[in-house]
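The feature active site, for beta-ketoacyl synthase activity is assigned by Swiss-Prot to 561, 696, 739, with sequence analysis given as support. What Swiss-Prot records for 1348 is active site, proton acceptor. According to Swiss-Prot, the active site, proton donor annotation covers 1540, on the basis of sequence analysis. Annotation source Swiss-Prot lists compositional bias 'Polar residues' at 1660-1681. Marked as domain 'Ketosynthase family 3 (KS3)' by Swiss-Prot on the basis of sequence analysis: 388-821. Summarising the annotation, Swiss-Prot assigns domain 'PKS/mFAS DH' to 1316-1629 and lists sequence analysis as the type of evidence. Taken from Swiss-Prot, the feature domain 'Carrier' applies to 1716-1793. The region 'Malonyl-CoA:ACP transacylase (MAT) domain' annotation in Swiss-Prot covers 923-1245. Taken from Swiss-Prot, the feature region 'Product template (PT) domain' covers 1312-1634, and the record attributes it to sequence analysis. Residues annotated as region 'N-terminal hotdog fold' in Swiss-Prot: 1316-1452. The region 'C-terminal hotdog fold' annotation in Swiss-Prot covers 1482-1629 and rests on sequence analysis.
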């Protein structure tokens, strides 16, 4: 049969369909990967138009709305403007080509247009669309070529309008006039004669003439400027009385040869801007509308030029087109069919079709409309990218006002039409003192109303691993975010890592929060350790990510009132961008701060009369509300693949801003409408298809009016009325629960999601009086309703409900979501019905476990028809599992109810214990041949594809080795007892290997911790352990079986299992010559022995033993394995096994042959296999050996791998308390066995991979909405006390200021920038003593300290103490030796014990003392620096820094110069070597900015300290060039910034060199052994220094080096043994932070700083904490003391804590020592830990981990400080990591303290 001819006809008019609907359809299908070519074409066309618009003049550009897709262009009527021709031409081209491409993809049609059979034709602009096809050889080329067609059509349209408007200006009123009329009943020649006459008589210029633009036999189209056409029809009698009709041509003249020329056309086309190669060849015939013949163009450039020339200058002759088509059709004489494709129909097309039918009556002529496919539904969208996905909301949770603490209560509240507003409760603030309706009280609220969550402080701290102290300080918003996040995830069935979309690295959180009441008010009353992580907004999300271990983005957003919905929109954007696969989003608001009430009231936001009255005449502002809500969102395709319950689908979401509003807080209807239009375009949804809008609806006059305007104009426009069956319902949840501010949007979203579930719209209760007169009065006519009663919202069959959710921010933001119904679930997978199902329940506390059991029981009592399989699937595969567990395997719901009732009534929960923190090890034990039976593992084979595939793959290998298939055995097709030894043994080993791999899958582990195989089972064990390949194991099993069958007689020998030791058997059977003979075959336990021998001998033995009361059982095997009967195969087996490779086991092998544990790769070899066949199985000895080595113990889990658990009893006998599970059991359904085994493993702490267990039939199961987790809640609440938010309004400047102790007169003339007051100075003939007081807060001293900052704190450098030492040293020396010119000094043995950190309160003195004693005969002066108590003026007993000054005997310094000159060349040599290394790029050269940028890793120097101009550094060696500042900046001996500049190179070497581990550590100097300067440093002086640091061999983590200072290549100073100690970076805060207590300020530090050395306390049984002495300075940098000591014991009952927070009821929930029984140091430590964390001592059980107790790194530092300061114990904070449990810590304390 010959191929048909094809005609594709492209018209020049839009179809009569709704243009927006057509483009919406294209846009919607373009998001589906089944329409990839269509999507690409739409994207390319959009890009082309964007580029063309961008090149337009500015006035024209402004006429085009911003567009990211084509939808906004369809919303604008361009015809009245200058872009009418351009846009209509481009959109028609896009529409026709888009429909063509989409039709091909929808029909999955292959390209079937050939050059000899296909013809293309078109009219006017339709020719350009046709050109896109004419240039193509396949569909993808149509996409590329089509974009160029769009470009050309747009440019031609712009040009036509530009020229035409120069011929005649548009109408002033904007009305449209036609540029073409069609005249019927006239011939072209007659009409041309009449037009020529008219044009001549009227003197019409050629340019403006009326002319013929198209013609056929019966009609003629007349074109020209509109006024000229009207004049012609009035003036010409022939025209006036002709039959004519104005055509819808409003944009200018085409087909006008007198108007356009080819040169202009070429310039307009601008071929250099083509988006395709202009040389692309023409592939298909495209007929000219003038000649009816194919265009003669051969390339794309020629074709577009020809078409454009014809469009602008050529006359259309419809008759020629028809003739050309008939001619092309006639050429295919052999064709019997003619297929025509077009876009709807037209008069022209009807005429063409009639002509074809008349000319070819024998041909079958069929027509295809290319439009209808766009309205078809092709099933669930298959998005081509994340950006095209619909999104699925799969989980939600909330805490809302009015007691709506869960979704059911929230819906109940809405359904009942309740109003939840009340007066402010007492737990927020005292309304009596903070409410003043008159407004006269500053900072008071003018309204007493709000909507509040009941007890928002309730929280299960233990569940979230938080201590009570941390929970108390954590914002309740953050806590409830955690709680609702968990509940939403639980509802969604999210289990981390279960599916690709639940990969924790790809889960993100987005929450909206707009206030910080708790941090600013409640927690700030007593700022504690957790003030920052507990109150800063970022931690709301961060805590969720951290707790659940989510690695995706974490964003906390503030967009004022729209924060919650904006967070949802941001979350959706992350999904569309592919940044995450699952998101948690929500909004948070808990009101406690009256300041915000005052601010909002004064800003006229709040209603003074009560609730939000949305759209009511009396609306007077909003009523504030609490609210916390969370939703879980995924891409729709992921949710469907994951078998999730889909609550609703998000089609689009967007946020914009009301930039044009009259004020920043005033809403703007225009911006709101723009946002609606944007989301509707994104979703490709008709606004009339929206059936519900959840209003933002604050109940303000301005807000209600603006939102009413925007909603009604877009969703119920007057110019496009809704039908009666298209009602639009409106509502606002704020009428019920008030305005939740940051949580308002999420509350609205939750309401709509519940409406989808309940198929009902709650009553709108926001109009207590009459509707606001600002609202349009024609709502009913526009089919818009505010339901005053509950209204049904059913989902009609095959229909989809769509809704809008609005949320607007007071700052001007507008957020809108478009929702639709979830797709109807189609269950296409048949479920394998399992006889028994596991059901598991878990919790994180005993109390919650009991409550969870009770709620599940209540659920089943209310829903007795619950499907057990669905329940099992939900509790096992779709729940997060916790440490307290119950599990059972049941066959029906009544059995489960019985189990749960027993658990409740028998208090089974109290007898449970939490699973261990580490999963117990698993050992696989493989049974031997005695476990065989027909149909082994049949149920698993039939139901589990993974197991079935493994068996079939192993069976395939076995068959390729030449052995028979064992599948018939599994399927029970082989009768019991008829299988050969070969089939029997292969069946067992194949099933065991497959079972092992199934268990590895179900347990989620790569390998067992050890394996042991019994007899035949050892082959499977060796294969699993990697000793043998699977193929080699099967080969050996099969070959050995063949040898046994060939060389051993079945039935001649047997095996007997005896319940006795081998010694008992020997004693009872005897050993004489007449005694029956036997051999030991297996020693299974110490009391279970298997012997083998001939049938006769074993029968005799059995008779004897049973006579003695010994139990005996015949082993059901045809041969006596492990006896002399096997000798017949040994030699042959040895030959077979010789070529088999053996490898080192990947896991320990418990060898029953060797009676030991095998780790090496040599013990198991070919000889081993032969011996194992002949020699006895020492199963008991192997287990004993494993126990002795600690490979197995009572905690080990044993999995019996085999058809029947024969080895289970052996293991139980050998390992007391052993827990062993079975794979299969004879005469028991496989899934009954498997379910029970999985439950056992689950309860033991080895959680199975439940997802894999249910994966085969997962789509056939349903996720049930079970009761939510029952929390063990305690009300953690810090009550706002007093009236300080009011009082602060009345504070005035002023107040007393303490007088600094340094302000009293000094008894000496000595006073410098660092020495402020000399309190004692005594001088005699040979000695002098000086005592001085200095204040760090003195401006000069403080400026010097702040020149050296660490951890953002000013820290005193060594140079400060050096200047003080030199100042006092020179002063006292001159007192004893008057007239001395220059005093040389050597600062020796200088050591700083503690850092001195400047307090932040500069108004409070921070004194220190310096004491010096000079002894002239010894030329020695001692120095000591002390802390001073600013309150008592008492100095500390011990100094924080010490040193001495030595005065050289030679006051000229000549001896120093001689000494240094001897080594100068060495120093210069090292400097030159460093320069050489730098030239070779082996050493680093650092500029000043780079050097001090590196220094910032530890210390930040002020500009005056930055003397180093250049540094060359290599490892721990360096030199630098230095220029000192010219200004001394104070009164000094030597300015500290000069001293530091010439010496801090050593600090840079240690803290900036790549040879140091600066990521984990920083390095600080405790001092030096000597510091000498032979000459004074000079202002602006240039110096060079050199240093090399070495590790000190006698002191760990300590470095030292000599630093040399040179001027003009001469050494002028040396710092000897300059030391640096390595300190963990995490202690930076601990050592370098200002003390909170100004009276107990921090101690000084050298540059960069000194840290206290670790001091070891001698072990002692009891160390009593000592109360600090008021007259002494306590150890530096300790935490502030508590007001009172902790009680000696903690109460276990619920009682208020020191902050008014109830302590949770404690339970003895785990085995271990009772903390209250721990005494001595350990007991006191536990009391301190309990006090600091807020826990009860009874909760510190031995197996409780510090992670579970909420002891994080921050708390660890606090505890270590407390233990040191209060008990004198030097304990590092990392001890809580090294001792992870309370028991570990108490053991360490008892041993070392």
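In case you wondered, yes, glycine gets a Cβ from its N, Cα and C as well.
Annotated features taken from Swiss-Prot, shown on the structure.
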residue	record	Cβ neighbours (10 Å)
561	active site, for beta-ketoacyl synthase activity	30
696	active site, for beta-ketoacyl synthase activity	30
739	active site, for beta-ketoacyl synthase activity	32
1348	active site, proton acceptor	28
1540	active site, proton donor	27
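The shortest Cα-Cα distance from residue 739 (active site, for beta-ketoacyl synthase activity) to any of the active-site residues (696, 1348, 1540) is found for 696.
Cα of residue 1540 (active site, proton donor) to Cα of residue 696 (active site, for beta-ketoacyl synthase activity): a distance of 63 Å. According to DSSP, residue 1540 (active site, proton donor) sits within a helical segment. In three-state terms derived from DSSP, residue 739 (active site, for beta-ketoacyl synthase activity) belongs to an extended strand segment. For the pair residue 696 (active site, for beta-ketoacyl synthase activity) and residue 561 (active site, for beta-ketoacyl synthase activity), the C-alpha distance works out to 9 angstrom. Spacing of the residue listed as 'active site, proton acceptor' relative to residue 561 (active site, for beta-ketoacyl synthase activity) is 45 Å (Cα to Cα, whole number).
Taken residue by residue, the domain 'Carrier' (1716-1793) breaks down under DSSP into 49 helix, 2 strand, 27 coil. Helix, strand and coil counts from DSSP across the region 'N-terminal hotdog fold' (1316-1452) read 27 helix, 55 strand, 55 coil. Note on the region 'C-terminal hotdog fold' (1482-1629): DSSP counts are 32 helix, 69 strand, 47 coil.
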